Amino acid sequence: MLVSYNWLKKYVDLGNLTPEELAAKITKSGIEVEGVEYVAEKSTNVVVGYVESCEKHPDADKLNLCQVDVGEEKLQIICGAPNVAQGQKVAVAKPGAVLPGNFKIKKVKLRGIESNGMICSLKELGIEEKYIPTDIADGIFVFPEEATVGEPVDELLNLNDAVLELDVLANRADALSMLGIAYEVAAILDQPVKLPDEAVQVEESATVANYVSVEVEAAELNPYYGAFMIKDVEIKPSPLWMRNYLMAAGIRPINNVVDITNYVLLEYGQPLHAFDYDRFGSEKIVVRRAKHDETLTTLDGQERILTDENLVITNGKEPVALAGVMGGLDSEVASETTNVLLEAAYFDAITVRKTVKQTGLRSESSTRFEKGVDPNRVRKAGARACLLLQQYAGGKVIAGTAEFDRLDRTEKVVEIDTPHINNRLGTEMTTDDIASILKRLQFDYKQDDDHFTVHVPTRRGDITLFEDMLEEVARIYGYDNLPFTLPEGAGQSGGLTVRQHLKRRVKNFVQGAGLMETLTYSLTNERDVKRLISPEVASSAASPVALAMPMSEDHKYLRLSILPELLNVLSYNRARSQVNLGYYEMGSIFISGQNELSEQPDEQLRISGALTGIWSEQAWQQEKKEVDFYVVKGIVEGLFDFLQIPVTYSQTKVTDMHPGRCAVVKVADKTVGFIGQLHPTLQKQLDLKETYVFDLNLEEVFAAYDAVPSFTAIPKYPSIARDIAFILDKNVHAGDVKKVIEEVGAPLVNRVDIFDLYQGDNLEEGKKSIAYSLLYQHPEKTLKDEEVEESYQKIIAAVNEKFNAYVRS
Amino acid sequence: MKEQLEALQADALQRIAATETIRELQDIKVAYLGKKGSLTGVLRGMGKLSKEERPVVGEIANHVRTAITTALEEKTEKLEQAELEKQLEEETIDVTLPGRPVKVGGPHLLTNIVQEIEDLFIGMGYEVREGPEVETDYFNFEALNLPKNHPARDMQDSFYITNELLLRTHTSPVQARTMQEYNGEKPFKMICPGKVYRRDTDDATHSHQFTQIEGLYVDKNVRMSDLKGTLDKFAKKMFGEDREIRLRPSFFPFTEPSVEMDISCKVCDGKGCSVCKGTGWIEILGGGMVHPKVLEMGGYDPEVYSGFAFGMGPERIAMLKYGVNDIRNFYANDIRFLKQYHKA
């Protein structure tokens with residue numbers, strides 16, 4: 001809502017407050033003023049001039065040579081505007097004038113003839129182009145005859161007015177009107193409100209009934225409809241002051257009738273609509289739901305196809321207006337209009353809202369109906385418009401109103417009392433303090449000791465509960481005056497849950513391992529939603545969860561894997577020459593087993609990582625090392641080791657992954673994710689070098705986590721280390737051999753590590769050598785050499801039998 | 001014999017003094033004190049001495065032994081010391097060469113902000129709660145006093161999946177869920193961080209996905225001044241003890257009265273500058289007293305219980321605190337951006 005400071009002054013005494021000071025007060029009391037702008041940048045030395053003569057420039061077709069009387073002197077001015085003419089009163093920038101944009105006016109010669117000043121357009125005077133009436137968009141501004149020659153124009157054109165831009169939130173429908181703002185400011189400043197004049201002299205010779213009747217078929221959507229009849233209007237520009245205020249409020253003046261309906265809309269917050277009576281098409285107004293597929297061409301020339309969700313004003317045959325949203329083109333007020341049928345109605349907020357959503361038509365009218373207008377101001381606004389039409393369009397207002405009326409105009413009653421208010425606010429207000437606040441708000445009340453029965457004016461439809469009144473009292477009292485206290489309740493012990501702690505620890509671990517955390521979008525595109533899905537997710541998810549109305553193809557589906565976005569992040573960085581990267585993200589994926597979603601999808605917490613480029617930089621006496629499978633596996637192993645969860649890895653093929661370099665990760669035989677290298681084809685597509693990833697289901701990992709492990713005694717007896725190297729077939733997995741060693745060696749073998757892999761010259765074709773180090777330890781005694789030797793031989797025999805392996809000498 | 005022993009001692013000490021290696025010292029030790037050594041040889045002749053002479057010569061012999069042993073030990077220690085010094089000298093390295101690089105990872109800036117806020121409120125007795133990102137219309141809107149067709153639903157146009165399911169537009173549904181879980185009986189304090197989604201076109205100040213943290217305190221006799229005091233503590237810890245806060249009336253469907261909180265601008269110290277658009281204040285968060293309908297739908301009797309709630313955007317806080325000028329930075333994950341803040 002744009003509020004003109006000068007216009008507001010008509011209703012409330014603003015004292016010596018500057019617009020900026022006023023804005024600060026309004027903001028502090030509850031309606032945020034987002035900015036204070038001036039109608040125009042300051043100009044100097046621009047006055048009203050009278051064009052005494054206007055002739056063509058002898059040497060230029062498009063220029064006019066004007067003699068202009070500016071009061072103290074007469075100036076010869078050359079003017080290029082097409083609409084300049086003898087007899088006009090115009091805005092003249094005299095030599096020495098400064099126009100907005102620091103445009104200095106000097107005496108010049110144009111095609112050999114002296115020009116001593118400039119006749120100005122509104123644009124040149126600094127008014128925003130979009131508010132300038134279209135008929136003078138390319139020309140100079142012409143004052144009404146009564147303008148005084150020599151008078152400065154800034155006041156006449158309201159150029160120095162300040163406009164406060166108010167951010168009116170959904171609850172404060174009352175603040176969408178100058179009167180509403182006036183009540184608000186009056187309460188803040190403790191001032192009375194001067195209400196506008198609505199008393200109109202009517203023509204008693206006829207009554208409205210002679211011209212029109214009103215019928216409402218959908219009373220629940222239109223509890224009040226009033227029609228006024230104004231005859232013999234003359235369409236012309238509205239008075240200058242009205243045009244000034246409209247422009248300040250961001251509305252382009254059109255003609256007196258349209259301007260008056262807009263002016264009253266802004267003044268009262270009550271939308272009105274003027275029909276051309278002679279083009280209305282009947283003497284009967286029928287308000288009803290639209291029929292399915294019925295059409296109406298609205299004022300903007302668009303044909304609208306309607307449904308029975310829309311409310312329409314009809315002439316008994318066809319729609320002439322979309323109720324509360326926009327009028328129809330056919331009955332629009334035009335230059336030849338003489339008789340005006342004026343609508344002042346109350347339309348249901350939800351219906352208007354739905355129509356706006358459906359048609360995309362948002363107007364000054366619909367904005368107000370959507371939020372709810374004041375039921376007690378509908379008739380008053382109609383009367384006010386009639387008065388203005390009489391004053392400024394020469395109209396004759398016919399007596400009476402054609403009405404349909406089932407509107408509830410009763411005031412809401414809210415009970416408040418001093419102790420309750422103080423308890424909820426933490427204040428120590430007196431009953432008198434509260435009474436004075438109610439007076440400032442101009443709310444009627446009955447007082448019984450410290451208890452108030454408040455009759456809330458209907459303009460404040462947002463106040464229905466004690467808490468609403470609490471806010472009113474608090475904001476006028478001033479939030480600044482509330483004390484600072486801390487809760488006195490005994491409270492509870494706060495803190496993180498085990499799961500929340502774990503999330504932090506896992507993050508800390510992988511960060512310590514060198515990975516940088518990312519945050520990417522949960523919404524993804526059709527290509528990525530199908531990529532790199534962990535096998536156990538793929539087997540439980542139906543189709544991905546999709547938005548009903550996505551904003552773009554890029555953000556259409558909820559992700560089934562974090563990896564595709566992580567890879568996009570790698571590509572993004574690579575495109576910016578950042579090539580050595582280790583990233584991870586912890587977040588949810590969204591799994592639904594349903595193709596047609598009827599319940600919330602399962603939100604599964606996962607952690608995914610993607611690594612590419614050099615992992616260990618080249619340094620003095622140290623080779624650089626690229627990321628490989630075992631770097632990623634090391635991080636994952638480290639994580640499970642940290643969490644003390646046993647885990648196994650087995651070679652598997654996963655879509656989009658390198659078929660020979662991918663393993664699923666299992667905890668207690670349950671797949672919890674995978675690690676490996678991206679498929680080279682995908683790498684190429686994403687313009688990535690060798691890239692390795694991991695992806696783990698943290699729900700399963702956390703489930704396997706033992707938060708409070710019981711104490712295990714630190715071994716007291718010495719351990720014995722034995723190394724052993726096997727020659728194996730190349731295709732034997734080192735991990736499988738390790739498993740056999742562990743099984744056969746149990747319980748004496750405490751730990752088995754793989755410490756060397758050799759494939760090369762001294763070995764038979766197709767063979768490799770893997771070296772294991774075994775740690776023997778007994779919890780309750782010192783092991784004897786014979787015991788160790790016996791176990792050692794058993795292990796050799798078992799591995800030999802199972803893998804056809806022999807010990808490398 | 002006495003002369004013999006003294007000559008032996010003098011000879012030994014002289015050789016020890018002249019020696020420069022530990023190995024030679026060992027040879028000397030063997031040569032004099034060993035089983036076949038000179039001293040042992042001399043002592044073997046003791047048998048020939050008289051009864052009276054024996055203790056006298058024995059004592060001299062012991063003196064000689066001690067003198068040689070001491071001299072050997074002292075010389076050994078001296079040589080060892082010299083050897084160590086030589087070794088240390090040789091082992092000296094160039095300390096200005098770089099260390100072995102460690103891969104440095106770190107958290108995302110928003111994670112840091114969220115954890116900082118979590119820890120701050122945990123310190124005031126709050127628990128941390130989480131909830132689903134795909135929410136029901138009921139928990140996202142209706143339970144928060146936003147019935148269907150409520151005009152305030154416009155404030156946060158949503159990504160719907162079905163008529164009843166949508167991506168949550170705020171973390172407030174976690175508040176509704178917590179109240180229902182506590183069944184209208186238990187006073188509680190909680191904060192709920194998480195991702196939220198709105199139909200916004202991504203630009204410098206908008207993101208269709210962003211982060212939110214909300215807080216809720218429900219108890220008997222919760223006062224609006226408690227909200228003011230709590231937010232003041234938060235603002236001072238988060239932005240500095242010298243920050244002032246100011247509450248302004250506002251509107252949210254789920255709170256009444258509603259507030260917006262500003263902090264005094266750090267750049268100009270409240271005097272007015274381009275950062276605070278000349279007002280001296282910067283908007284940080286919204287909040288208010290829990291709306292009675294919200295309490296009621298959560299199972300709490302609004303006649304008995306009251307509460308306050310607040311909500312804020314970590315992105316905005318990060319932008320203000322660190323001067324990040326484009327919200328898209330948080331989601332582009334440019335390594336050069338992340339590295340600036342992982343220590344934050």
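Heads up, the Cβ atoms here are built off N, Cα and C, so glycines get one too.
Sequence annotations record features per position, and here TrEMBL assigns domain 'TRNA-binding' to A:40-154. In the predicted model, the domain 'TRNA-binding' (A:40-154) shows an average pLDDT of 92.
Per TrEMBL, domain 'B5' is recorded for A:409-484.
Listed in sequence order, the residues of the same chain lying 6 or more apart from A:D468 (Mg(2+) binding site) and placing their CB within less than 8 Å of its CB are A:V414, A:D462. Residues or ranges marked as Mg(2+) binding site in TrEMBL: A:D462, A:D468, A:E471, A:E472.
According to TrEMBL, the feature domain 'FDX-ACB' maps to A:715-808.
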Candidate with the highest Cβ count within 10 Å, taken from the binding-site residues A:D462, A:E472:
A:E472
Which same-chain residues, if any, lie at least 6 apart from A:E471 (Mg(2+) binding site) yet have Cβ under 8 Å of it:
none
Structural state census, the domain 'FDX-ACB' (A:715-808) (DSSP three-state):
31 helix, 32 strand, 31 coil
Tell me the coarse DSSP state (helix, strand, coil) of A:D462 (Mg(2+) binding site).
coil
